[in-house]
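One structure is given here, and the rest of the page talks about it.
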């Protein structure tokens, strides 16, 4: 029987001197020199694929593959190095595999995410002469969804294996992954002793259901926490948009006995990216660089750093991480393209796309979302159509709602509103979402396509797609027409629908602290100085040609009152606070949860000019770099 899949050319040895056999991992293996005990020991020490192939070749030449222990350890070694396919080929060639072989094969496929094969192997095992034990069930449950997991649970009860710690924990984890909180909690409460792995699984079950309070209560009850437990709670906070809690938990972890690992770093960088706190991000980067902390700058960590830096407004640092990474997968390239697009450097984003193709990387659907966003932010209509066709024709990627959304945004921003509307109507098998309709509504307002806007709004509301942004846009449209009766009507409809408008909030980082402001905010201790600075700025920029865009105020007020309402927008309060709190020439960075309004955008260009400051604002969709009376978006956003 051929073993070509597993053999490698024997090591070149031109000398005729006999080399004594030793057990050093670096030893080159001589033909016909291996005993079963020696092979088993070498396999237990093996940590690289190349070394494993050398040992496997020596095993074949020594004709000891039939030895049960050698065969098992060889399969286990392939599994541990991630070669589930090779493990399975060896397994299929094993006559009458016992429970250990079956369990290893099932586990190998489960941990590699090859769940269907793992479940298939478990089903086959039930028809074989081997009887599953607790470890087998634990391995199989890792690959189970809820429906199949319940079958395994029934089998475990029938065989009286469900009370074994490994099985009970695996069952709890299976129910937790499936979202069955009640079943998971029942199993958890039934455990005589609750090991930390079970508690962590229960915490994860609550992170997934959004019940962070219950998760934190369990977390706080654990006296000796391991890194997995810390990571589960931290990741839950990051996933459910509670980044400050995640960062605070990371600081607590550093004071504990647990050592942060790669998963910890990924969670905290995700949280920092949400906050936009660049100083915290730089500190974590320094933590990674410290070799004593044993965090490797691999593709996952590097990608998280790039994502964090560009979302914190530090595109230069993101580029530096990208350029210094030795290995970059397509995910890393995608993130860097998205970073360039978000910062208005569309041409660089497109150049990066050409570069990755030149290097032989295969673009994904995420790649094209980044590229189409870059086209949208720069009004590159022809290029956008070209990439849209390229995706379908050359790379056989079927457009998703996100790709169509990018195209609708691109066309709408460029004034091709009817063309964007036709594109939505022509989508095959894809339902337009609220974001897409909202983008088109914004374009209708920008280009005064009021009849189409009303038609779209009525459709969106009747279909139940409307969110707070939809209602606000519709109010904007009627307010611009001076139709205050319909503005009131839209507000009433919004109230009846139970939709709440997201309040505008702007944050600024100063001295390693993040300060938040809402419209008209007077809660800050320095409010008097902040408002004095606003008055001063307003007078100065008016002298430089600033005219308030009072059409944006959605109330039937006098012009003076409208102007006053514009002046206290959250982003202006944050900028004023930054100006009174930093030295002249210091860059000011603002993070806003909503799109920056046109009036504030116009004002910031002049504020940056008269104060000789660079002002960076991150809104819901992109970054704006204000300097010398200009914005990086070219007033196209």
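From the backbone N, Cα and C atoms, a Cβ is placed for every residue, glycine too.
Within the set 1-20, 21-40, the record from TrEMBL flags 1-20 under the feature region 'Disordered'. Long-range Cβ contacts of the repeat 'PPR' (226-260) within its own chain (Cβ-Cβ under 8 Å, at least 6 residues beyond either end) map to 196-197, 199-200, 203-204, 206-207, 210, 212, 215-216, 219, 267-268, 270-272, 274-275, 277, 280, 287, 293-295, 514. For the domain 'DYW' (545-637), the predicted model reports an average pLDDT of 86. Tertiary proximity for the repeat 'PPR' (298-328) is limited to same-chain residues at least six positions away from its ends with a CB under 8 Å from its CB atoms, namely 262, 265-266, 269-270, 272-274, 276-278, 281-282, 284-285, 288, 335-336, 338-340, 342-343, 345, 589, 616, 618, 623.
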